[in-house]
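Chemist: Take this structure, written in structure tokens, and hold onto it; I'll ask about it next.
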Amino acid sequence: MAHPTQLGFQDAASPVMEELLHFHDHALMIVFLISTLVLYIIVAMVSTKLTNKYILDSQEIEIVWTVLPAVILVLIALPSLRILYLMDEINDPHLTIKAMGHQWYWSYEYTDYEDLGFDSYMIPTQDLIPGQFRLLETDHRMVIPMESPIRVLVSAEDVLHSWAVPSLGVKMDAVPGRLNQTAFIASRPGVFYGQCSEICGANHSFMPIVVEAVPLEHFESWSSLMLQDA
């Protein structure tokens with residue numbers, strides 16, 4: 001999760017998020033080089049009285065500054081489109097979870113099981129135990145098996161919400177009357193935090209999302225225990 005004074009993204013916990021981080025670094029380097037070149041040209045023009053008449057009226061340089069930006073845009077667009085298609089790809093998910101947004105909590109339904117579902121409320125500050133994070137912990141976490149394709153069906157009961165977990169590279173709008181889907185793979189075990197990313201009302205900032213990725217055998221034990229309690 002994010003920590004104080006952090007400037008970059010959270011550590012990637014899924015292959016898609018790793019690709020997004022690489023693309024961010026790729027695009028940022030291009031922007032940095034362009035900014036440096038433009039700054040150098042501005043400083044050079046301001047700090048000297050000399051003028052190059054061949055630069056002021058040159059067919060060759062006009063071709064260069066027309067073609068070069070087009071090439072740079074292609075270098076940015078191609079990896080961007082590749083990641084866009086990767087994010088939309090859903091191949092044979094091992095588990096499907098339906099996430100419903102409410103004012104102001106999330107409910108989860110494991111559709112591959114007959115009666116496995118629960119509501120997930122934020123834990124009030126006064127009920128937190130040492131080590132838990134304020135405004136981020138929930139009474140029930142969405143538990144998933146690691147290294148397995150997970151499909152999440154996202155919708156809402158009342159107003160617009162958005163189911164987002166930055167470490168997993170997932171963000172999907174929850175629209176009443178509409179069923180959206182997204183997919184991810186947790187590449188390592190851990191607890192990953194997110195929040196509703198749509199301004200959905202007075203308690204918008206009090207409906208966090210907690211995804212816990214565990215080994216498959218631990219997930220099977222958890223699901224059996226939840227079904228027994230149900």
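Don't overthink the numbers, they just go from 1 along the chain as shown.
Including glycine, each Cβ sits where the backbone N, Cα and C put it.
Per TrEMBL, the features are:
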DOMAIN    1-91  domain 'Cytochrome oxidase subunit II transmembrane region profile'
DOMAIN    92-225  domain 'Cytochrome oxidase subunit II copper A binding'
TRANSMEM  27-51  transmembrane segment
TRANSMEM  63-85  transmembrane segment
Chemist: Would you mind giving the whole-number mean pLDDT across the domain 'Cytochrome oxidase subunit II copper A binding' (92-225)?
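Modeler: In the predicted model, the domain 'Cytochrome oxidase subunit II copper A binding' (92-225) has a mean pLDDT of 94.
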Chemist: According to DSSP, how is the domain 'Cytochrome oxidase subunit II transmembrane region profile' (1-91) divided among helix, strand and coil residues?
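Modeler: When I sort the residues of the domain 'Cytochrome oxidase subunit II transmembrane region profile' (1-91) into the three classes, I find 67 helix, 0 strand, 24 coil.
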Chemist: Count the residues of the domain 'Cytochrome oxidase subunit II copper A binding' (92-225) that DSSP assigns to helix (H, G, I), to strand (E, B) and to coil, and report the three numbers in that order.
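Modeler: Per-class counts: 19 helix, 62 strand, 53 coil.
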